[in-house]
């Protein structure tokens, strides 16, 4: 029990370890995707006919697809050392592909994603499992079997049961309820619905809740010629990554060296409408950063709804990249600036000063003449 309490006592350290390994994946994949969008200038994912931008986007998207598995794997690694990597990696992949039912009409299995929050859960569970499985007493001649067979097989199986057996059904029910709720609300007050959309977009940064708001209020409505919520959603998409990037550069004492170095990349991803640029910052301090993401995005999106920004915005995308196709570009940019300012202010007030672990402190070169 003491060991379990110690794991949770040091949970922030374990999360930061996962984040430090995830940041290069997010930045590398995200910037490639951002470059692809910038080249096309269309504020949308490049298609096959776009040539090089399509391949840049595909490479970046594939790399970004490893974000949650890497996060999960290295949270588990921080807890249990090398035995945690296999179940953590497998758990992260499972978190992105949870079977939720069978579509008889299409003859296919339906899937849902638990996003980066699911990756945090699988990383912690996998790490704890591996840590306790390491302590199973076995004869010396069988010790190698423990690390090669017993720990991976048992821990991956348990993670699978937890993710597929326990979480699949509830996630499917929740997503169905959320989608129905949002469709019903879309006929109400534009400012309130826009603020709700901002909350959803920023909650899990590309996860299932984000996808519901994006797919209904942005993609489906724009496809039907309804542009009411396109600009508010587009604004909400870019507030977390731009806000986190700016905050990491302005409030340096609040962020780790890795987070500060990733600041420009996060801003670039936000500029191009890639919300995932804020995930590494959010994962490192979810208790504070999730509310900051949601509040700033909701205010900016709600303001856009109140002002009627982008009534002819036809792009199913977000960020500053779509500014040229918006009917009121100055108001669009102004709402983004308001959201970013609120984001930075909230970080200044609520985010604690970052304290590096002893091993993270840089070596100081001392020369003797």
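A Cβ is built for glycine as well, from the same backbone N, Cα and C atoms used for every other residue.
Curation plays no part in TrEMBL annotations; they are all automatic predictions.
Noted in TrEMBL for the protein shown:
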- 11-368: domain 'PTS EIIC type-2' (DOMAIN)
- 21-40: transmembrane segment (TRANSMEM)
- 52-77: transmembrane segment (TRANSMEM)
- 108-133: transmembrane segment (TRANSMEM)
- 145-166: transmembrane segment (TRANSMEM)
- 186-205: transmembrane segment (TRANSMEM)
- 212-242: transmembrane segment (TRANSMEM)
- 262-283: transmembrane segment (TRANSMEM)
- 290-310: transmembrane segment (TRANSMEM)
- 330-350: transmembrane segment (TRANSMEM)
For the domain 'PTS EIIC type-2' (11-368), mean pLDDT (0 to 100): 88
Paired segments the transmembrane segment (330-350) and the transmembrane segment (212-242) in contact, 3+ CB pairs under 8 A: yes
Interface check, the transmembrane segment (186-205) with the transmembrane segment (290-310), three or more C-beta pairs under 8 A: yes
Seg_contact(the transmembrane segment (21-40), the transmembrane segment (145-166)) with at least 3 CB pairs under 8 angstroms, min sep 6: no
Most Cβ pairs under 8 Å with the transmembrane segment (262-283), selected from 52-77, 145-166, 212-242, 290-310: 212-242
Intrachain neighbours beyond the transmembrane segment (212-242), with Cβ under 8 angstroms and 6 or more residues off its ends: 175, 178-179, 182-183, 186, 190, 193-194, 196-198, 200-202, 205, 266-267, 269-271, 273-278, 282, 293, 296-298, 300-302, 304-305, 309-320, 322, 326, 328, 332, 335-336, 339-340, 343
Positions whose Cβ lies under 8 angstroms from the transmembrane segment (145-166), at least six residues beyond its ends: 82-83, 86-87, 90-91, 94-95, 98-99, 114, 118, 122, 125-126, 129-130, 133-134, 136, 138
